[in-house]
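A short write-up of the structure that comes next.
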Amino acid sequence: MATSDMTAEGPERHGRRPAAVLIAGPTASGKSALALKLAQASGGTVINTDSMQVYRDLRIITARPTPDEEALAPHRLYGTVDAAVNFSAGAYVEAAAAALAEVRAAGRLPILIGGTGLYFKALTRGLSAVPPVPAEVRDAVRLRLDRDGVQALHAELARQDPEAAARLAPADRTRIARALEVVLATGRPLADWHQQTSPPLLPPDDVVAVFLAPDREALYARIDSRFAAMLQGGALDEVAALAERQLDPLLPAMKAHGVPALIRHLRGEITLEEAASIGAADTRHYAKRQFTWFRHQLPEFKWVRPEEADAFLNTVIPGRA
């Protein structure tokens with residue numbers, strides 16, 4: 001298995017307490033258990049770094065920590081956002097900055113855990129300075145998307161921002177709409193904004209960063225069994241309550257793994273068994289993409305197998321054995 005060492009000047013090399021511990025990994029890899037164990041052992045606070053677990057409407061289908069688990073150590077940024085909100089990476093960084101300040105003021109160790117690579121990249125590399133898109137521009141683009149279709153929007157993007165149009169898949173509704181919104185609102189292509197970044201909240205040299213990398217086949221089997229357990233635990237009722245709100249299907253919460261398939265089942269389009277199969281398959285594909293993304297985008301994260309987790313814990317906090 002490919003591994004990568006953390007930066008040579010990281011805090012663990014100097015025997016000092018890190019500014020934070022970052023625990024990433026694919027879905028269902030055991031991140032939450034590792035973070036909770038570390039929080040209990042080190043006096044830490046667990047901070048969510050997952051783009052779907054921020055939504056209060058989706059505790060079960062996103063595998064958020066249970067109330068019993070949350071009672072064992074302080075948790076932050078879980079279930080704090082309504083599903084009607086398009087919660088951006090910029091909004092996350094702002095919320096994370098406040099959470100980090102609170103945790104540090106209390107003298108606790110921040111433990112950031114999740115599978116959203118963009119959030120970790122924004123925290124450790126800085127965030128692109130894309131300004132907020134006015135609501136009227138966003139609404140106009142989405143109206144055109146619904147009325148004219150994604151191909152028409154892609155053609156318009158090719159005229160406004162040829163580089164983005166060439167880079168994006170012609171059927172990628174969300175990213176095409178986003179790129180068009182930015183160029184229409186600012187007069188500048190998205191790539192221009194991406195070249196400008198804010199200072200990172202958590203410079204790589206100040207943190208310990210780990211990526212849990214379990215055996216692929218074992219992970220995929222765990223994903224399948226966990227999705228079945230979610231259904232038994234009330235995921236269908238949770239999604240039904242979300243569907244009743246009739247929110248914009250392009251909102252992030254409406255695209256959480258399993259949600260679209262279960263909504264199709266609730267509409268009578270597919271059976272529950274088919275919905276479960278689709279939801280589990282989508283989650284497996286996402287896990288595969290997480291491996292690839294972190295390997296190429298954040299090589300400074302140290303890759304460890306879950307069974308190496310205890311040894312990892314002993315290296316994080318100086319003096320802990």
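Please read every residue number as a count from 1 along the shown chain.
Cβ atoms here come from the backbone N, Cα and C positions, even for glycine.
Remember, it's a predicted structure, so these values are computed and weren't measured experimentally.
In Swiss-Prot this protein carries:
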- Gly25, Pro26, Thr27, Ala28, Ser29, Gly30, Lys31, Ser32: ATP binding site (BINDING)
- Thr27, Ala28, Ser29, Gly30, Lys31, Ser32: substrate binding site (BINDING)
- 50-53: region 'Interaction with substrate tRNA' (REGION)
- Thr116: site 'Interaction with substrate tRNA' (SITE)
- Arg138: site 'Interaction with substrate tRNA' (SITE)
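Location within the structure of each feature annotated in Swiss-Prot.
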residue : record                                 : CB count, 10 Å
Gly25   : ATP binding site                       : 26
Pro26   : ATP binding site                       : 26
Thr27   : ATP binding site                       : 21
Ala28   : ATP binding site                       : 23
Ser29   : ATP binding site                       : 25
Gly30   : ATP binding site                       : 18
Lys31   : ATP binding site                       : 25
Ser32   : ATP binding site                       : 22
Thr116  : site 'Interaction with substrate tRNA' : 20
Arg138  : site 'Interaction with substrate tRNA' : 19
If you average per-residue pLDDT over the region 'Interaction with substrate tRNA' (50-53), what number do you get?
98
Given Thr27 (ATP binding site) and Thr116 (site 'Interaction with substrate tRNA'), what distance in Å do their CA atoms have, once rounded to a whole number?
10
The DSSP breakdown of the region 'Interaction with substrate tRNA' (50-53) into helix, strand and coil residues is 0 helix, 0 strand, 4 coil
CA pair Ser32 (ATP binding site) / Thr116 (site 'Interaction with substrate tRNA'), Å rounded to integer, equals 14
List the other residues in this chain whose Cβ sits within 8 Å of the Cβ centroid of the substrate site residues Thr27, Ala28, Ser29, Gly30, Lys31, Ser32, in sequence order.
Gly25, Pro26, Ala33, Ala63, Gly115, Leu212
Quick one: of Gly25, Pro26, Ala28, Lys31, Arg138, which recorded positions lie within 10 angstroms of Thr116 (site 'Interaction with substrate tRNA'), measuring between C-alpha atoms? Sequence order, please.
Gly25, Pro26
Distance from Arg138 (site 'Interaction with substrate tRNA') back to Gly25 (ATP binding site), taken between C-alpha atoms, in Å
32
Rounded to a whole number, how many Å is the Cα of Gly30 (ATP binding site) away from the Cα of Arg138 (site 'Interaction with substrate tRNA')?
37
Cβ within 8 Å of the ATP site's Cβ centroid: which residues qualify beyond Gly25, Pro26, Thr27, Ala28, Ser29, Gly30, Lys31, Ser32?
Gly115, Leu212, Pro214, Leu219
For Pro26 (ATP binding site) and Arg138 (site 'Interaction with substrate tRNA'), determine the Cα separation and express it in whole Å.
31
